[in-house]
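Annotated features, as they stand in TrEMBL:
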type	residues	note
ACT_SITE	E187	active site, proton acceptor
BINDING	D49, S50, D88, K118	3-methyl-2-oxobutanoate binding site
BINDING	D49, D88, E120	Mg(2+) binding site
Amino acid sequence: MSVQSKIRRNTVPQIAARKGGDPIVSLTSYHAHTAAIVDKYADFILVGDSLGMVMHGMESTVGVPLELMIMHGKAVVRGTQKALIVVDMPFGTYEESPAVAFRNAARIMKETGCGAVKLEGGARMAETIRFLTERGVPVMAHIGLTPQSSHVMGGFKTQGRDEDSWPLHEADAKAVAEAGAFAIVLEGMVEPLAAKITKQIDIPTIGIGASAECDGQILVLEDMLGLNEWTPKFVKVYGNLGPAIEQAVSDYAEEVKNRTFPGPEQVYK
Ligand code: KIV
């Protein structure tokens, strides 16, 4: 028996069964050490393509390569035991056709050991979601503000401010749910629309900037830890680690410069 097979992780059906029940807790994580901490509290962990911006200083998520997602996905799977691990499919790896999407999703699952993938898009991705789920790839959908389409959307804008646009978002949610998605991220969406969609579909909605009306919540870990200079307005900062890291680095630099840096004999515990 392998070590991994002794690990009892949350499963896709368990997450799906939480619809309307206990709120689903989730966060992003990109590396083994933070994932090990998050794993104690999260029902699922998303290796989001936001890592391109957060970890690698990119302007948007559009440039994130598949290999980077696989590398970070492997690290998060290695660092965790309990949470379901979901890995984002990056831009350009699934939109062309269901077959291309399957090839890349299968690569992500085989190489990382994750339990599901996430992709952006509503009704236009329904055929692909059905193709993947029928072939053993669990899919989390993502609608509303979809950062990979930010060039088309004209930036990162809250969705649903205009009530006339609601039917389109509702149709997106229904289409991905009917196609077999096990959960759906609602990003940057006004509260009444998120609440309406949450009532209309029978899979859990996971909100990010989409109100407490959703079945669960996700935040980007580095945002809620205060590590990013800029965070979206809706993010509550639970831990202000940026200044704490800066203080530690500056203390270290001072000690090195002043030759007060401790030798091993002063540090041994
Ligand atoms: O890439 C990401 O981190 C995400 C979350 C914002 C949901 O998709």
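Using the three backbone atoms N, Cα and C, a Cβ is placed for every residue, glycine included.
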Inquiry  = Taking 8 Å from the centroid of the Cβ atoms of D49, S50, D88, K118 as the cut-off, which other residues in that chain fall inside it around the 3-methyl-2-oxobutanoate site?
reply    = T28, L46, V47, G48, L51, T61, V64, M69, V87, M89, P90, H142
Message = Please identify which of D49, D88 has the densest Cβ environment, defined as other Cβ atoms within 10 Å, among these binding-site residues.
response = D49
Inquiry  = Rounded to a whole angstrom, what is the C-alpha distance between E120 (Mg(2+) binding site) and D88 (3-methyl-2-oxobutanoate binding site)?
reply    = 9
Task = Compute the C-alpha separation of D49 (3-methyl-2-oxobutanoate binding site) from E187 (active site, proton acceptor), stating it in Å without decimals.
result = 14
Query = If you skip the near sequence neighbours and keep only those at least six away, which residues in the chain come within under 8 angstroms of S50 (3-methyl-2-oxobutanoate binding site), Cβ to Cβ?
reply = T28, T61, P147, V220
Query = In terms of DSSP three-state secondary structure, what is the assignment for D49 (3-methyl-2-oxobutanoate binding site)?
reply = coil
Query = Do any residues at least six apart in sequence from K118 (3-methyl-2-oxobutanoate binding site), in the same chain, have a Cβ closer than 8 Å to its Cβ, and if so which, in order?
reply = L46, G48, V86, V87, D88, M89, V139, M140, A141, H142, V185
Request  = Would you mind checking how many other C-beta atoms are within 10 angstroms of the C-beta on E187 (active site, proton acceptor)?
outcome  = 22
Ask   = Across the listed 3-methyl-2-oxobutanoate-binding residues, D49, S50, D88, K118, what is the farthest Cα to Cα distance, given in whole Å?
value = 12
